[in-house]
């Protein structure tokens, strides 16, 4: 058989033309040891901090420790499938999450993957989980209100757009309820919301999502969930992922509100990862950079300057205290980072004052500049009246023969405490809050028993809406109480007082 060179070269050329095998060039390493959600990997010399690496089976890991001869990787999936000697691939990507309108109405995990069973996200943009906070020049002072719909907060510890206001208190006294009410209050505003559940029970997160869906708030809300059963790495990443989603709106000149529920559990997750990575422990066994961990997260909430679009990201971080100890390490850290705190007290909660906000210990360091004039007019004396009432209440417990002025002050204080109570999931618009606080501050409630305040309030709203809509409309439109509105409100409340008197006899 004769071998012809032309034929052979022709066959080789055709085979080269049809050759379509892709060559996968990626830097790989080997797992040296694995345990407790941490893998030591040898051979990834060019790995970057916070880079995602891929283990067999598509499990992702986050590079946290860069050491001389190996890297420490926190695993974000099922650890049982990874063993010593496994190959690890670099992805070349720093941790990123999908952002934009596509994530609204969805429940995602700590890396932005959907977990609500509604199919894949059709997000076109992604954003790095870790971003540098805006500098001093890029910011503007807080000057626009961000309403929570809660009388006690909006009157005495007002929150402005771009502010960081801490919600702090023991377990099971309504911290999440305050945060969820703040989301519900944004229904007819231009604020998008992100709720980050960090280290919560799955049943609790499901309950929050069901509440948001029931009141139509999921349309403008994203829920980022890293539950207690998820790897510590996802619990650590979730707040940063949620923040990146909020920053997308902030940098587009829009407004966003983010709730971190709660940062105590994120700190515990970070402590766990740090100790397993053999980083030196500090106070309460937290790593030395735990303050930086929270400060770099909360500094990303800001009111941006007009040149950069005048957007804002408002943060409501939640911290859980142990037996009311606000002087513990994590609570003091976060108090010093934030622009004020709303302190919830078990004593008030069990006495039936809900939301259980301790007015004396709660402050808002920058919110006053953002408060509407109408609210300033009615809430100006409120804090002082309540503080004096608390003082007199303790004093009155010892003596019964009090002078008329003291009795009047006690009577006024009791009614003010009652009108600051509010049912869950019932945020109020500004005009309704102003109307009831106006009634309290001007003594229109003093003639009625303290236990009839809830009935008085409900009746007053419907009375004003039906018979004096101009008064409510003027407050909503002008955002202040003019002399005409003041006179109209007083006339309306006198008329309603006579009507209400007949109903309680």
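Cβ coordinates come from backbone N, Cα and C, glycine included.
What Swiss-Prot says about this protein:
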{"type": "BINDING", "residues": "169, 170, 171, 172, 173, 174, 175, 176", "note": "ATP binding site"}
{"type": "SITE", "residues": "362", "note": "site 'Required for activity'"}
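The Cβ of residue 173 (ATP binding site) has 22 neighbouring Cβ atoms from other residues within 10 Å, across all protein chains displayed. Around residue 175 (ATP binding site), the same-chain residues at least 6 positions away in sequence with a Cβ under 8 Å from its Cβ are 167, 168, 169, 261, 262, 318, 320, 344.
Here residue 171 (ATP binding site) comes close to 320: these same-chain residues lie at least six apart in sequence, with C-beta atoms under 8 angstroms from its C-beta. Under the DSSP three-state reduction, residue 169 (ATP binding site) is assigned to strand. Between the binding-site residues 169, 174, the minimum number of other C-beta atoms within 10 Å of a residue's C-beta occurs at 174. Apart from 169, 170, 171, 172, 173, 174, 175, 176, the ATP site neighbourhood in this chain, defined by C-beta within 8 angstroms of the site C-beta centre, holds 320, 344, 349. The Cβ of residue 170 (ATP binding site) has 17 neighbouring Cβ atoms from other residues within 10 Å, across all protein chains displayed. Across the structure, residue 172 (ATP binding site) and residue 362 (site 'Required for activity') are spaced 18 Å apart at their Cα atoms.
Listed in sequence order, the residues of the same chain lying 6 or more apart from residue 362 (site 'Required for activity') and placing their CB within less than 8 Å of its CB are 156, 157, 340, 341, 342, 343.
In terms of local Cβ density within 10 Å, 176 ranks first among the binding-site residues 172, 176.
In the three-state DSSP scheme, residue 176 (ATP binding site) is classed as helix.
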